[in-house]
């Protein structure tokens with residue numbers, strides 16, 4: 001029978017000092033012996049996805065204590081990728097994932113907490129907490145802050161839906177008036193919550209449902225809606241049950257590594273492909289799998305991407321649907337229900353509610369459930385009122401979107417495409433693979449060949465795009481922006497958005513060893529591995545080289561002979577200490593970022609730290 005971890009600090013005469021300090025936090029004699037549960041919050045006023053989380057930790061804590069546990073709350077950092085985008089701040093985004101994971105480990109292990117409730121929401125916070133949860137392997141439940149309502153405004157006498165990406169594109173489009181750009185900017189992000197499309201934050205919060213670590217509705221129920229409060233209340237109650245099951249009944253099925261199994265990871269990736277999630281999710285699932293000691297690699301993702309269709313299409317791949325529409329169509333369980341009927345899921349998995357996948361679908365799939373409360377929950381909709389307050393409205397759609405032929409979520413028969421929303425490409429300068437969000441690629445450019453325009457930084461590429469130096473048919477290559485080379489693997493949302501601003505969204509390709517925002521669409525290929533700074537062939541591409549992209553056949557090729565590539569590699573090595581570094585880039589890199597770069601692996605490994613360098 002496992003012993004409560006917290007007993008290390010609460011039992012025995014020699015722990016009198018620790019108990020004295022616990023008493024100073026408000027604990028009493030009756031609390032010693034109860035499970036101590038960490039409420040891992042991430043409130044900050046810097047991030048709209050987290051600005052409303054201040055009081056939500058207290059909600060969870062109250063339920064923990066009412067259910068027989070002791071709750072102790074702390075916060076992690078949280079970086080807003082959108083605000084950090086397009087300048088040196090983006091160097092810090094991906095490294096913050098590792099800091100978040102480590103900080104959770106530090107706090108939980110230093111204080112011997114028995115379990116956790118993770119209150120996350122945005123891009124690196126959910127992955128960081130997920131990595132920590134699987135590393136620590138103590139009972140955990142995730143409950144996120146929820147999606148933002150979609151922006152809405154009237155342009156040319158037509159009401160349109162908006163999000164952050166629209167503001168970025170119109171702000172750089174010389175054909176758009178100042179008044180219209182200002183109108184879009186003011187309308188794009190109307191409420192608290194994670195950005196309203198299927199960007200990285202919402203993708204990851206959906207995937208925690210598929211992994212079994214969060215409750216139904218977690219990925220799609222709006223941050224502003226009153227119904228979301230119940231997820232927090234339930235999490236506080238349920239975590240005490242899970243904790244007691246493990247420590248008092250020796251039930252290891254309550255542990256995250258047994259819930260988020262290899263089968264669950266495959267289901268999560270299947271969901272990701274079917275819903276056209278952010279390419280960043282690939283990076284984060286690979287990293288989380290390593291923490292769980294699960295053999296889940298790019299090869300597994302490649303195999304899944306070849307058989308899973310696209311059943312859901314959401315912004316940025318279309319402006320017709322946002323997360324509020326996904327929720328109305330049944331949310332994550334709506335998509336999983338269609339995948340299950342298509343025979344594409346592993347059914348022998350459970351979630352934090354203790355339900356198997358078939359049991360969960362029977363209760364929460366809107367096309368089969370008889371539970372009116374569930375149907376009511378999925379009718380939770382937007383209010384269209386600017387606010388930073390959680391649970392501030394109770395608006396509902398008049399009806400559910402259960403049209404699987406022409407609605408937001410489709411059945412296999414009516415899939416948006418037989419190929420899924422993400423694909424892994426391989427070739428002679430992406431030997432270990434690269435990722436493209438096919439959901440956002442126009443059919444006309446699924447095969448694309450063109451001359452390379454090579455840039456050693458995102459900044460240089462942006463200047464060239466806005467300066468008219470990139471023209472129709474070009475393949476923009478941005479290198480030395482990988483985990484090590486950046487360092488930090490910057491997102492390339494500005495270059496892709498500015499290509500659209502210049503009318504080149506369907507006329508050019510962009511390839512990088514960096515990564516893309518979940519808000520990116522177009523022929524944008526990232527995560528090229530090995531990266532340039534690790535000796536990747538992407539470092540050998542020169543202006544004018546022909547690059548051939550063939551998404552249907554999962555191929556990407558630099559059209560040079562092996563002899564020419566070998567000669568260029570020899571010339572690169574001859575640079576000595578300067579080999580595999582950018583030639584003319586001026587960039588200030590802090591000690592903290594240099595420390596990150598010294599251990600960073602390429603994207604095909606999840607950009608995690610290279611344990612072999614630490615002897616581990």
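Every residue number used here counts from 1 along the chain in the order it is shown.
Just so you know, glycine gets a Cβ as well, placed from its N, Cα and C.
Mg(2+) is bound by 81, 123, 124 in Swiss-Prot, and the record lists one more residue there from 463, 472, 481, 491, which is 491. In three-state terms derived from DSSP, residue 81 (Mg(2+) binding site) belongs to a helical segment.
The Cβ of residue 517 (active site, proton acceptor) has 81, 82, 85, 165, 199, 200, 278, 280, 491, 492, 493 as same-chain neighbours under 8 Å, each 6 or more residues away in sequence. Taking the mean position of the Cβ atoms of 81, 123, 124, 491 as the Mg(2+) site, the remaining residues of that chain whose Cβ falls within 8 Å of it are 79, 84, 93, 94, 122, 200, 201, 280, 517. If you measure from the Cα atom of residue 195 ([2Fe-2S] cluster binding site) to that of residue 123 (Mg(2+) binding site), you get 10 Å. Fewest other C-beta atoms within 10 angstroms, among the binding-site residues 81, 123, 491, are seen around 81. All protein chains shown were included, and the count of other CB atoms within 10 Å of the CB of residue 122 ([2Fe-2S] cluster binding site) stands at 28.
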